[in-house]
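Quick look at what TrEMBL lists:
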| type | residues | note |
| --- | --- | --- |
| BINDING | THR194, LYS322 | ATP binding site |
| DISULFID | CYS123-CYS174 | disulfide bond |
| DISULFID | CYS134-CYS157 | disulfide bond |
| DISULFID | CYS140-CYS168 | disulfide bond |
| DISULFID | CYS229-CYS239 | disulfide bond |
| DISULFID | CYS273-CYS282 | disulfide bond |
| CARBOHYD | ASN192 | N-linked glycosylation site |
| TRANSMEM | 41-59 | transmembrane segment |
Amino acid sequence: MTETCHKIIMGLHNFLKEYIHGFWDYETPKVMVVKNRTLGVIYRGVQFLVITYFIWYVFISQKAYQESETRPESSVYTLMKGSAIHGDEILDTVEYAQPSEGGDVISTILRREFTFNQRQGTCAEHFNVANANCTTDSDCVEGEVNFSGHGRRTGRCVQYYNHTFKTCEIQSWCPIEEYAVVREPPLEEAINFTVFIRNSIHFPKFKVLRGNIKDARNKRDIKRYLNKCHYDEERDPYCPIFRLGYIAAQARENFSELCNTGGVIGVFINWKCNLDLDPSHCKPTYSFRRLDLRKDLPDAGYYYRFAKYYSKDGEETRTLIKAFGIRLDIIVHGHAGKFSPIPTIISTVTAMTSVGICTIICDWIMLTFIDKNEVYSERKFDEVIKEPTNPIPTELSYINSFGSNHSDLSDGVPL
């Protein structure tokens, strides 16, 4: 037992001694010329890929020589315009836009469902509500509230309006919506409604403020321009007025289907500014995408309810309105960059350092797949314990025309 412990201690002692002595060793690269066409092609190919990546992607595409800002300050103002004839009614902005003017969210009503003359009272619960169907009063619990239903149960089992079956009676606004709803046709003319989107963006780091409205000499020219323009990516890219039909088409949605179910569409304003150029070149681009659940899901679409209250026969009465429409969410992204020496130096040093990967890859290929007889490895790694007083002659050493000392392993090595 004592002898075993002694061996372990001595082994640990020798390991620490060699580690401490080796810690102070100095390693330096050795230049070795390997005249192997396959290895040379791999080396130059990897070099080409690394250099191309840094020149094309890092410097040209990503502009790594620039200082950037990705959190600009932005403001959005929206305004809906248009009028439509719906039956005998003339609908204007106040009727269909919620709100008629606002910030980064605005919606328009495309279809309505009305429940007229609702009053506080008792009536039959809808038969699709859980545990609403009954045969006797004992099936209904007085005071119970089903949050997927319409009100509080009275404990009575009553006939469901003009039908033969019965449901539990509730205290609520009666009649309930599912029974008495009146649906009106969609507002197809809304396809020509317009949305004015004014956006300004500020990059505080570079002290640059830009807007998405075309520059003009005076307010009169701007107003005249806005009164006749509609946004088009090619013909009129600086007009901030969009048709609802154009927005739906760009989001790849059918406007008639949106009229029936409603939907939420994101309007993305993207500012990508290269401030090495004049700030007038900093212009927005627009993209559109539907944000809500798709139409094949049960909760798809966009709708909300509101009521109009009035007094009838001295009793408070309301008209419940379920409105289906398009909601536009304006989402602004901004990125600005400008030349700066610090990121330029960092990116350049990183590129130069990364070229060293080529040597590591080729050394691994050479020592793993090509050096079958370990001729390369014997020349690749040398250990010098003491500087020799006389030069050691070798048949593999020569001085080329430039005076540098190399190891040439082109002869005598089976490849």
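Any Cβ shown, glycine's included, is placed from N, Cα and C.
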*Rounded to the nearest Å - Cα separation of CYS239 (disulfide bond) and CYS174 (disulfide bond)*: 49
*Using the residue listed as 'N-linked glycosylation site' as the reference point, find which of the recorded positions CYS134, CYS140, CYS168, LYS322 has the shortest Cα-to-Cα distance to it.*
LYS322
*Could you check the disulfide-bonded residues CYS123, CYS239 and say which one's CB has the most other CB atoms within 10 Å?*
CYS123
_Candidate nearest CYS123 (disulfide bond) in space, where candidates are the recorded positions CYS140, CYS157, CYS229, CYS282, LYS322 and distance is Cα-Cα_ = CYS157
_Between CYS168 (disulfide bond) and CYS134 (disulfide bond): CA-CA distance (Å)_ = 6
*Counting distance between Cα atoms, which of the recorded positions CYS140, CYS157, CYS174, THR194 is nearest CYS282 (disulfide bond)?*
THR194
*How long is the line from the C-alpha of CYS273 (disulfide bond) to the C-alpha of CYS229 (disulfide bond), rounded to the nearest angstrom?*
25
*Other Cβ atoms within 10 Å is the metric here; tell me which of the disulfide-bonded residues CYS134, CYS168, CYS273, CYS282 scores highest.*
CYS168
*Using CYS168 (disulfide bond) as the reference point, find which of the recorded positions CYS157, CYS174, THR194, CYS229, LYS322 has the shortest Cα-to-Cα distance to it.*
CYS157
*Sorry to bug you, but what's the C-alpha spacing from CYS140 (disulfide bond) to CYS157 (disulfide bond), rounded to the closest Å?*
7
*asked:* Between C-alpha atoms, which of these disulfide-bonded residues comes nearest to LYS322 (ATP binding site): CYS140, CYS174, CYS229?
replied: CYS174
*Which residues of the same chain, at least 6 positions away in sequence, have a Cβ lying under 8 Å from the Cβ of CYS140 (disulfide bond)?*
CYS134, ARG153, THR154, GLY155, ARG156, CYS157, CYS168, GLU169
*Would you kindly give the Cα-Cα distance separating THR194 (ATP binding site) and CYS229 (disulfide bond), rounded to the nearest Å?*
11
*Hey, how far is THR194 (ATP binding site) from CYS174 (disulfide bond), Cα to Cα, in Å?*
38
*Please work out the number of neighbouring Cβ atoms within 10 Å of the Cβ of THR194 (ATP binding site), leaving out its own Cβ.*
17
